[in-house]
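Presented below is the structure to which this report refers.
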Amino acid sequence: MEHFDASLSTYFRALLGPRDTRVKGWFLLDNYIPTFVCSAIYLLIVWLGPKYMKNRQPFSCRGILVVYNLGLTLLSLYMFYELVTGVWEGKYNFFCQGTRSAGESDMKVIRVLWWYYFSKLIEFMDTFFFILRKNNHQITVLHVYHHATMLNIWWFVMNWVPCGHSYFGATLNSFIHVLMYSYYGLSSVPSMRPYLWWKKYITQGQLVQFVLTIIQTSCGVIWPCSFPLGWLYFQIGYMISLIALFTNFYIQTYNKKGASRRKEHLKGHQNGSMTAVNGHTNNFASLENSVTSRKQRKD
């Protein structure tokens, strides 16, 4: 295993250059294997979990879901606040920011971004709760792709570009996650569900987040600094893939639902009209019969 790890490190060094020494010895960062194994186990559970739960009763998980979502809401709020203050104190340049130009502020950003990386491991629980509650319709290609890739991508980010221009996407994502996990936490309480109207806007916010990240990343390409260009190109490509998947999800979830509701409403309206027509016809027929009957009695 040590030989394999050494070979892997040599390969990464040849491909990406030397690692950032500021994160040497940090939990989970020295060796890629634990991150890879965690991701492989995650995908295995995604595959086997629904099969295991198929003939079993779903778990409620209500209490633990409230605690879990509250915890991630608070963690996301902490990361958002610390990243904003770290970037402000370090006088980060929006257009392009290197990884070694802000001193202690860079270290503050690195420490927060480690928590951001680690939060992606915690977020695997999102999927596990879906499996336990048998909400398999929520385990989409988008969901699995996003969760499985983010942990791995951020392992590489933390080892090579752990601050500087890397801050922007994480900052926006932390803000979105404050809204998202607070929504999930509240939706775990049945009495709160009628008041949760903003789910649609969370998805819209995620799409806006990806577009803004592409714009900010492109600034680093157009007005380059010491931040490696290869990472910027990768970021743009990854954001495009998320935009494509989230747009498809949005269309499937909201536009088709809206069209279905309109169709049902129109059908109901037509049925109502037919009922009125039939009622009128039946009443008229009844009146005719009544008149006929009276005539017959008179005769």
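Going from the start of the chain as shown, residues are counted 1 onward.
Glycine is treated like the rest: Cβ placed from N, Cα and C.
Listed in Swiss-Prot for this protein:
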- M1: N-acetylmethionine (MOD_RES)
- 26-46: transmembrane segment (TRANSMEM)
- 64-84: transmembrane segment (TRANSMEM)
- 112-132: transmembrane segment (TRANSMEM)
- 139-158: transmembrane segment (TRANSMEM)
- 168-187: transmembrane segment (TRANSMEM)
- 205-225: transmembrane segment (TRANSMEM)
- 227-247: transmembrane segment (TRANSMEM)
At a C-beta cut-off of under 8 Å, are there same-chain residues at least 6 beyond the transmembrane segment (205-225) that contact it? List them, or none.
93-98, 165, 168-169, 172-173, 176, 179, 232-233, 235-236, 239-240, 242-243, 246-247, 250
Is the transmembrane segment (227-247) in contact with the transmembrane segment (139-158), using three or more Cβ pairs under 8 angstroms as the rule and ignoring pairs under 6 apart in sequence?
yes
